[in-house]
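Below: one structure, written as structure tokens.
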Amino acid sequence: NVQNKNLYLATFAAVLGPLSFGFALGYSSPAIAELTNVDDPRLALDKDAASWFGSIVTIGAAAGGIFGGWIVDRIGRKLSLMLCALPFVLGFTLIVSAQNVWMLLLGRLMTGLASGVTSLVVPVYISETSHSRVRGTLGSCVQLMVVTGIVGSYIAGMLLDWRWLAVLCCIPPVFMVILMCFMPETPRYLIQQDKTSEAMAALKFLRGPNADHEWEYRQIESSGDDQETSLAFSELRSPAIYKPFLIGIFMMFFQQFTGINAIMFYADTIFEEANFKNSSLASVIVGLVQVAFTAVAAMIVDKAGRKVLLFISGIIMAISAGVFAIYFKLTTTVVNNSSGLQSLATGTPISPVDHLAWLALASMGLFIAGFAIGWGPIPWLIMSEIFPLRARGVASGVCVVTNWGCAFL
């Protein structure tokens with residue numbers, strides 16, 4: 001008798017946060033291409049500044065993980081999510097009004113802070129509002145909306161200049177705040193806070209009037225440690241605490257050391273160095289591949305299982321990364337050994353690497369597809385599922401800091 005309509009609405013409102021997060025990640029690729037050639041010398045990015053413009057968001061996100069882990073257990077999941085909209089909007093406003101490079105970098109740092117809070121709070125919110133039959137699918141929507149935001153920024157970057165693109169990036173967090181005003185706090189958090197009537201109201205909203213709310217309330221209440229509001233440091237020696245901690249940390253470590261954020265931050269630059277004639281279009285194609293395969297992962301994750309998808313994902317990425325390395329090796333060798341090839345028919349010069357450009361696009365597309373079906377969505381999903389409630393804020397914060405710290409490296 002469970003009705004999912006309001007649950008889907010609450011999930012949609014929440015994942016506008018990851019959509020904003022995706023726009024923040026993807027913004028650097030089209031913006032760097034423009035800001036390295038901008039007419040105003042105060043805003044022009046040299047090589048070092050461009051590198052910081054792309055990577056400083058990860059420093060902000062790591063700080064956001066610490067901050068988010070602290071506030072998520074103190075003010076709740078809903079208010080934490082609404083609060084993170086503020087640095088998103090302020091950060092992009094700083095970029096729009098920037099008068100020098102430092103304002104650009106500060107704006108990126110603030111959007112990174114918001115991204116870190118979002119990447120922690122949204123998986124927890126969705127996990128605690130969902131029921132078991134749809135938890136995997138809805139949890140995978142976090143990564144789906146991140147990659148949708150990245151692709152959206154790539155496409156919009158082909159149509160808008162860097163200032164108007166920053167204005168566009170302010171829209172999703174504003175809508176998130178508006179919609180979240182009408183969504184409930186998670187029942188699990190409310191039960192933890194001994195707010196019985198609010199928890200029952202949240203369950204009725206999320207499950208519909210005909211579901212067995214009393215049964216689910218009792219299930220949450222009896223799940224072990226829901227009335228314990230703090231985690232003692234001595235408890236880290238307990239296998240029930242340290243094993244999920246280690247699993248979460250290593251999942252985030254391995255996710256980032258696939259190199260995915262380096263690829264997404266500098267997609268345009270990578271394709272330019274690979275001699276692809278339309279690097280922006282190639283970035284959009286790769287982004288659309290990621291959206292498509294992340295959607296596939298969302299549909300099959302509960303049936304296929306987390307472990308199987310991680311295994312398949314890792315194999316695909318290893319093969320495609322090897323092919324990409326071979327491409328750059330071949331092009332370097334060809335360029336170094338070339339003496340200006342000429343077409344026999346026309347006598348015009350032939351680029352020695354043009355005929356290999358498709359290999360760069362194909363291998364990167366395969367890499368992104370592999371990441372999208374496993375190592376993209378599943379670490380975030382597992383993070384929201386494995387921790388005891390009293391450890392969830394702290395443990396999730398540690399995982400997010402690990403993730404973004406590795407991304408910066």
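A Cβ is built for glycine as well, from the same backbone N, Cα and C atoms used for every other residue.
Quick look at what TrEMBL annotates:
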type: DOMAIN; residues: 6-409; note: domain 'Major facilitator superfamily (MFS) profile'
type: TRANSMEM; residues: 7-29; note: transmembrane segment
type: TRANSMEM; residues: 49-72; note: transmembrane segment
type: TRANSMEM; residues: 79-99; note: transmembrane segment
type: TRANSMEM; residues: 105-126; note: transmembrane segment
type: TRANSMEM; residues: 138-156; note: transmembrane segment
type: TRANSMEM; residues: 162-183; note: transmembrane segment
type: TRANSMEM; residues: 245-267; note: transmembrane segment
type: TRANSMEM; residues: 279-301; note: transmembrane segment
type: TRANSMEM; residues: 308-328; note: transmembrane segment
type: TRANSMEM; residues: 356-382; note: transmembrane segment
Stretch-level contact, the transmembrane segment (162-183) and the transmembrane segment (356-382), CB cutoff 8 A, at least 3 pairs:
no
Which bits of the chain, at least 6 residues beyond where the transmembrane segment (49-72) starts or stops, bring a Cβ under 8 A of a Cβ in it?
24-25, 28, 31-32, 35-36, 79-80, 83-84, 101, 104-105, 108-121, 124, 261, 265-266, 392-401, 403-405, 407-408
Outside the transmembrane segment (7-29), six or more residues from its ends: residues with CB under 8 Å to it
53-54, 57, 81, 84-85, 88, 91, 108, 111-112, 114-115, 118-119, 121-122, 125-126, 129-131, 134, 138, 141-154, 157, 165-166, 168-169, 172-173, 175-176, 179-180, 182-184, 206-207, 261, 264-269, 283, 287
